[in-house]
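Undergrad: Following this message is one structure expressed as C-alpha cells.
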Ligand SMILES: Nc1ncnc2c1ncn2[C@@H]1O[C@H](COP(=O)(O)OP(=O)(O)OP(=O)(O)O)[C@@H](O)[C@H]1O
Ligand SMILES: [Mg+2]
C-alpha cells in the first residue's frame, strides 16, 4: 500500500494534480462505493460460475432477507462510527428487544404495534444508559463491551424459564413473511424513483449558473443508474414471491438516514463531530448531544433488526442476537466504507457491506462448503477492509497529518 | 506621544482593554494589560512562550473571563461570557491549531455551526447552493484559491487550510479578527500567502490582532507591535519606530530588567 504514498505530496500545494492521485482521492471519498460494488460483482461472478442457482430470483430473495438484519444493525453502527465511537453490544441488544416484543405480543397479548414500540423503547433506554457513561468519559469500547455482557444476562432475565418463545403463526411472524406483490412493488419503486429524479432536478436548478456540470450529467446519469438498480431489483424479486416487507423497511430506513446525514444540518454536524471534535465544539456544535443522537439511532435500529430477525426465525431464544451477528454488522459497516476513525462513509455503507458479507455467506452455504470457510472469509474481508480504511484515513491521502 | 507622529489617521476605536488581569491558580497569566484596536489596522502581539498572548486572545474572544479589568467594544463596556457573545460583538478568532474538520469540504467547514438552512419540518436541510455562492465570494475576497469546494480540506496545503480558517471567520462579517500564530508551521511561500491575507483583512477595514513569533512577519504587516512579557504589556511600538533588536530586547527583557520593577 505504500506505493500510493508517492503521488501524495504533489496533492499538497499544486493546482493541477496527477490523474492517478485524483483517482485514488475520488475512490476514497465521493466514489468510495465503486470499489465495493466491484468486489460485490466479483463475488457474485465467482459463486455464479460455481453454481448457477446463485443468481436465481429465489436465492436472491433469500439473500435479501438474510442481509436485512445485518444491514439495519450496520446502519445503526454507521451512525455511531460517524461520530467516532464504536459499539459491540447492539447485536445482543437486538435479541433483548425482540424478546421484549415477543413477551408483550405473545405472552401478554398486547397489540403488535404496541409490543414493537415496547421493544424499541427498551433499545432506546439501554443505549441511553450506555451513552451517558460514554459522555462521562468511559471509552465506548469498554462501555459497550460491558453492555454486551450485561445484555447476555438481561436476555436470560426477559426470556421465560424455558428460554424460548415461539412466534410461528402469529401476527409477529407475518412481518418477515409478508411479500408485496410485483405490481404494487413497481408502483412503490416508480414513486420513489420519480421523487429521486425530482430532487436531483431541483438541486440542479437551484445551482443555476453555478452548476459545473450539465443537466445530463447531474440529473440524467444518476436517474438512469438509480432506475436500473431499483427497477432491476424489484423485477428480480417480483419473479419470486414479490418484494419482502423487511426489504422495504430497510430501504425506507436507508432513505431517511441518507437524507438526514447528507442534506441536513444535523448530518453536517454528525460528520464534523467525527472529523474533529475540538473544532466542532468551537464551532458551537453540541458535541455530546450529537453522540447521544447517534446512539439513540443505534438503539432504534437494533430493536427493528431484532424484531425482523425474530420474525424471520419464528422464535426468540437465548441465542437471539448472538453468534456472528455482531461481527457481521460491524464488518458490513466497515466493508461498505464507514471509517472506524470517524467522520467518513455514508449510510449506504450498511447496505453495500451487508450485501458483500451476506453474499459470501449465502454462496458458501449454497456450495455446501463448511462453516469454517465462511468464518475465514468474513474475518479476512473485515481485516482487509479495515486495512484499506487505515490507508485512506491515515495514509497517503492526508499529507498534512499522519 | 511618539505615536501621533507616525499614525496618519486612525479609524474608529473598535476594542479597548483596561487593566485586564487573569490568574490561573497562582500563575499570573495577564497583569493589568491595556490594549486598543482600531479599524483598519494590524496590531501584532509578540512575546516569549508563556508571555500570556494566547490568554489575552482568549479573554477577548470570550473563551476565558478576566479576573479584573474592563473590555469595551466600540466604546461600550461588554462582558464576553461565551465565544458566541464575542462573535455577536463582531470579534472572530482563528485559533493556533486551525479548527478545521479534515473530512468536510471547504463549504461545510466555512459554515460549520452557522449553516444556512431551510425549514424545521424538513429537518433543516442545508441550502448548499447559497452556501457555495457565499463561500466563493468570501474566498475570492481574500483571494484564497482552492481546487474544489467539494473535496475534503484534509488534502489541502497548510496555506490553503489557513486561508479557509481565516475565511471562516469572515462568514459573519466581523469587524475584528484575531489570529493566534497563523504562520506557525507554514512554508515560505505559504507564509507569504497568509501575510497577504492579513493585509487584505486590513484593507477591508477590519481590525486585526495577530500573534506571531516571527519578528520578520511582524515587521512586515504590523502597524503597531505590542510586546508582552510574563503577563504584562512591556512595550508598544508604532510602525518604523523600532528595530529588530529593540523588539528582542523588549521580549527578553534584556535592557528593561533594571527598570521593570517601577515600570510595572
Ligand atoms: N488553562 C490554563 N490553566 C493554567 N495555566 C494556564 C492556562 N492557560 C495558560 N496558562 C498559563 O498562563 C501563562 C500564559 O500562557 P499563554 O498560553 O497565554 O502564553 P503564550 O504567550 O500564548 O505562549 P506561546 O507563545 O507558547 O503560545 C503560561 O504560564 C501558562 O502556563
Ligand atoms: Mg499561545
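Glycine is treated like the rest: Cβ placed from N, Cα and C.
Below, the features straight out of TrEMBL:
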TRANSMEM  A:31-48  transmembrane segment
TRANSMEM  A:60-83  transmembrane segment
TRANSMEM  A:112-134  transmembrane segment
TRANSMEM  A:141-159  transmembrane segment
TRANSMEM  A:179-203  transmembrane segment
TRANSMEM  A:215-237  transmembrane segment
TRANSMEM  A:243-261  transmembrane segment
TRANSMEM  A:290-310  transmembrane segment
TRANSMEM  A:322-341  transmembrane segment
TRANSMEM  A:348-367  transmembrane segment
TRANSMEM  A:373-392  transmembrane segment
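Could you tell me the structural context for the features on the list?
TA: Residues 215, 218-219, 222-223, 226-227, 230-231, 234, 237-239, 241-245, 248, 255 of the same chain, all 6+ positions outside the transmembrane segment (A:179-203), place their C-beta atoms under 8 angstroms from a C-beta of that stretch.
Non-local neighbours of the transmembrane segment (A:290-310) in the same chain are 68-70, 72-73, 75-77, 79-80, 82-83, 85, 87, 90-91, 93-99, 101-102, 116, 119-120, 122-128, 130-131, 134-135, 167, 172, 175-176, 246, 249, 253, 257, 266, 269-270, 273, 280, 316, 320-321, 325; each lies 6+ residues outside the stretch with a CB under 8 Å from one of its CB atoms.
Cβ atoms under 8 Å from those of the transmembrane segment (A:322-341) belong to residues 32-33, 36, 69-71, 73-74, 77-78, 81-82, 84, 86-88, 90-92, 94-95, 148, 309, 348-354, 356-357, 361, 375, 378-379, 381-382, 385-386, 389, 392-394 of the same chain, restricted to positions at least 6 beyond its ends.
Sequence-distant contacts of the transmembrane segment (A:348-367) (same chain, six or more residues past either end, CB-CB distance under 8 Å): 32-33, 36-37, 39-40, 43-44, 46-47, 50-51, 53-54, 59, 62-63, 66-67, 70-72, 74-75, 77-78, 250, 254, 258, 328-329, 331-338, 373-374, 377-378, 381, 385.
For the transmembrane segment (A:373-392), the residues of the chain that approach it from at least six positions outside its boundaries are 1, 4, 28, 324, 327-328, 330-331, 334-335, 339-341, 344, 353, 356-357, 360-361, 364-365, judged by C-beta separation under 8 angstroms.
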Undergrad: Cβ pairs under 8 Å only, please: of the recorded stretches A:31-48, A:141-159, A:243-261, which one is richest in them relative to the transmembrane segment (A:60-83)?
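TA: Comparing A:31-48, A:141-159, A:243-261: A:243-261 has the most Cβ pairs near the transmembrane segment (A:60-83).
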Undergrad: Apart from its near flanks, which chain residues at least 6 from the ends of the transmembrane segment (A:112-134) lie with a Cβ under 8 angstroms of it?
TA: 85, 89-90, 93-94, 96-98, 100-102, 104-105, 140, 143-144, 147, 151, 171-172, 291-292, 295-296, 298-300, 302-304, 306-307
